[in-house]
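To start, the structure itself, in structure tokens.
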Amino acid sequence: MRQKLVAGNWKMHGDSQSIRELLTALKPAVAESAAEIAVIPPLVYVPLCADLLAGSSIALGAQTVSEQRNPGAFTGEVCADMLADSGCRYTLVGHSERRSLYGENDALVAAKTEAALAANVLPIVCVGETKEQREAGATLDVVGQQIDVVLSTLNSGHDKITVAYEPVWAIGTGLTASPEQAQEVHAFIRTRLAAHSAELADTVRILYGGSVKAANAAELFAQPDIDGGLVGGASLDAEEFAAICNAIG
Ligand code: PEP
């Protein structure tokens, strides 16, 4: 049985004061949630969040990780060992904003996934098609290729990844994939995992991301292949994010 996961990607938002307020409100509000919950703050606030979350079951993640595994002359980069040392259980890899704004391609996403696993940081591998790709009928080809590169690059640790299906046209736009549209792609991703091994298809969690809100979360999370959510904008509001976390049945 896969435990559901709801992760809040704060992107480049927040300051010490607002983060204190957010986590102070969030902790009691999600205490009874059946899901595992994670927050993914800007990197500079990871230590603050680790302090504020001490003793809580809310996990911590990073928004990206270097593909470089060893310390060295890589100005601006942060390696997975540093994330682990700072209390991160998870890291996003290949978020669509990293792919489109910072030139991360499938090979780099696979290298980052490997680097995270080598440090025991659990990668949440983000995949998804653009509006143009969906309109051209290429959704499954695009998502299949994004998944296959990661699965074929890894030597081990396939069962430690989480996949986040995030249609690019739904991220931050207020447009959400319908539960049926999301389920179709999630089921397809599971067949790609099954092509690697049946056990992998059973084990790996596939999250949906793209304008998840309290109002649409329950219906999305009720789909058989949706194992939780990756939530952007709505995770900045403790009450809204708690309602999403508590929508997990
Ligand atoms: C995201 O940043 O991963 C995301 C899904 O954002 P939003 O929920 O705001 O669409």
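In case you wondered, yes, glycine gets a Cβ from its N, Cα and C as well.
Database features, via TrEMBL:
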- HIS95: active site, electrophile (ACT_SITE)
- GLU166: active site, proton acceptor (ACT_SITE)
- ASN9, TRP10, LYS11, GLY172, SER211, GLY232, GLY233: substrate binding site (BINDING)
Integer Å value for the Cα distance linking SER211 (substrate binding site) with the residue listed as 'active site, proton acceptor' is 9
Integer Å value for the Cα distance linking ASN9 (substrate binding site) with HIS95 (active site, electrophile) is 10
Students should find that the Cα atoms of GLY233 (substrate binding site) and the residue listed as 'active site, proton acceptor' sit apart, in Å rounded to an integer, by 14
Spacing of the two Cα atoms, TRP10 (substrate binding site) and the residue listed as 'active site, proton acceptor', in whole angstrom, works out to 15
Other than ASN9, TRP10, LYS11, GLY172, SER211, GLY232, GLY233, the chain contributes near substrate (Cβ within 8 Å of their centroid) the residues ILE171, VAL231, ALA234, SER235, LEU236
Across every protein chain in view, the count of C-beta atoms other than its own within 10 A of the C-beta of HIS95 (active site, electrophile) is 27
For LYS11 (substrate binding site), the same-chain residues 6+ apart in sequence with C-beta under 8 angstroms from its C-beta are PRO42, GLN63, GLU97, GLY232
Three-class DSSP assignment, ASN9 (substrate binding site), comes back as strand
Close in space but at least six residues away in sequence, with Cβ under 8 Å from that of GLY172 (substrate binding site), the same-chain residues are SER211, GLY232, GLY233
Greatest Cα separation in angstrom, residues ASN9, TRP10, LYS11, GLY172, SER211, GLY232, GLY233 binding substrate per the record, works out to 14
For the residue listed as 'active site, proton acceptor', the same-chain residues 6+ apart in sequence with C-beta under 8 angstroms from its C-beta are HIS95, SER96, CYS126, VAL127, GLY128, TYR208, GLY209, GLY210, LEU230
